[in-house]
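Novice: What Swiss-Prot lists as active site, proton acceptor is LYS33, TYR253, and the listing cites sequence analysis. Annotation comment: Swiss-Prot describes LYS33 as N6-(pyridoxal phosphate)lysine. Here Swiss-Prot flags ARG129, MET301 as substrate binding site, drawing on sequence analysis.
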Amino acid sequence: MRPARALIDLQALRHNYRLARELTGAKALAVVKADAYGHGAVRCALALETEADGFAVACIEEALELRAAGIKAPVLLLEGFFEASELALIAEHDLWCVVHSLWQLEAIEQTPVRKPLTIWLKMDTGMHRVGVHPKDYQDAYQRLLASGKVSRIVLMSHFARADELDAAATEQQVAVFEAARQGLSAECSLRNSPAVLGWPSIKSDWVRPGIMLYGATPFEVAQAEAARLQPVMTLQSRIISVRELPAGEPVGYGAKFISPRPTRVGVVAMGYADGYPRQAPTGTPVVVAGKRTQLIGRVSMDMLCVDLTEVPEATVGSPVELWGKQVLASDVAMQAGTIPYQIFCNLKRVPLDCIGE
């Protein structure tokens with residue numbers, strides 16, 4: 001059996017969820033969209049179900065997967081619905097739904113539903129992706145109430161630059177939100193992972209922890225609360241070949257690495273088809289047999305090479321951690337010029353094994 005595996009620590013997941021609650025004193029929707037950022041949405045939701053206030057997913061397909069697994073907690077559709085015909089399913093399965101565009105509001109007004117809906121009305125406060133314009137927000141709120149199709153409305157927005165701790169844009173977005181919602185007596189939701197960790201002055205009734213649930217920091221710099229996160233995923237494999245090379249020999253496709261000295265090279269059963277970033281350069285950290293070393297050469301589809309010169313005890317079968325508790329996913333992502341969100345979501349072929357259930 002190929003040794004590439006992703007170990008999912010569900011106790012760490014619970015710790016990170018509790019941290020979001022502790023830091024905010026708010027109710028928290030655990031964001032499990034995109035298969036829980038590659039960690040397995042159903043497993044993660046089941047692990048959190050007894051304590052989570054609810055879950056958030058991107059679309060109805062992801063929500064129905066949770067319902068089919070027996071998850072009865074509230075589930076919010078972050079992108080809302082894509083066509084009016086979905087409203088019947090939303091009502092049938094008791095899902096919560098974001099409304100971010102006036103066409104969705106009109107669809108609710110015009111479409112019969114079996115029971116009133118819980119709507120999260122999203123305002124565009126400056127990200128300019130989706131959301132009702134601030135000048136239209138009060139009217140949209142009143143139209144939802146007047147439709148007779150809605151039992152509850154939560155007011156929400158999304159931050160564009162909360163991961164930049166010195167960015168004035170976040171405070172500006174809060175100011176836009178507060179001005180536009182003035183006089184509306186409804187619960188609010190503003191804080192995503194970086195806002196939960198790094199913006200304690202922002203208050204909201206609901207928070208939406210995403211990347212922090214999985215133990216990865218959303219920041220490019222060290223941050224005290226992010227340091228309390230516990231990595232949930234350990235991507236691991238084993239050495240499948242070892243060879244000794246003299247100085248001046250190439251390693252891998254394109255000969256992008258030339259051994260500067262006699263070099264002991266280990267080949268790991270892990271590649272970009274598994275989701276490991278192909279763009280990770282020589283020098284990206286790896287742990288072999290408990291010792292930190294580095295990637296060398298270009299990542300292949302199914303294999304990559306590591307420098308074992310300073311790990312003489314490593315041999316065929318030695319364990320390898322690509323990221324996890326000893327090598328942070330954020331460090332690998334930074335080396336590869338990307339973000340931990342992406343490298344987690346890219347894992348498609350690697351089996352997931354859970355601990356801490």
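A Cβ is built for glycine as well, from the same backbone N, Cα and C atoms used for every other residue.
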Novice: Distance check, please: Cα of ARG129 (substrate binding site) against Cα of TYR253 (active site, proton acceptor), rounded to an integer number of angstrom.
Specialist: 40
Novice: What number of additional C-beta atoms lies within 10 angstroms of the C-beta atom of MET301 (substrate binding site)?
Specialist: 11
Novice: Of LYS33, ARG129, TYR253, which of the recorded positions has the most Cβ neighbours inside 10 Å?
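Specialist: Result of the Cβ crowding comparison: LYS33.
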Novice: Give me the CA-CA distance between LYS33 (active site, proton acceptor) and TYR253 (active site, proton acceptor), in Å, as a whole number.
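Specialist: Cα-Cα, rounded: 35 Å.
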Novice: Express the distance between the Cα positions of MET301 (substrate binding site) and TYR253 (active site, proton acceptor) as a whole number of Å.
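Specialist: If we compare the Cα positions of MET301 (substrate binding site) and TYR253 (active site, proton acceptor), the gap is 11 Å.
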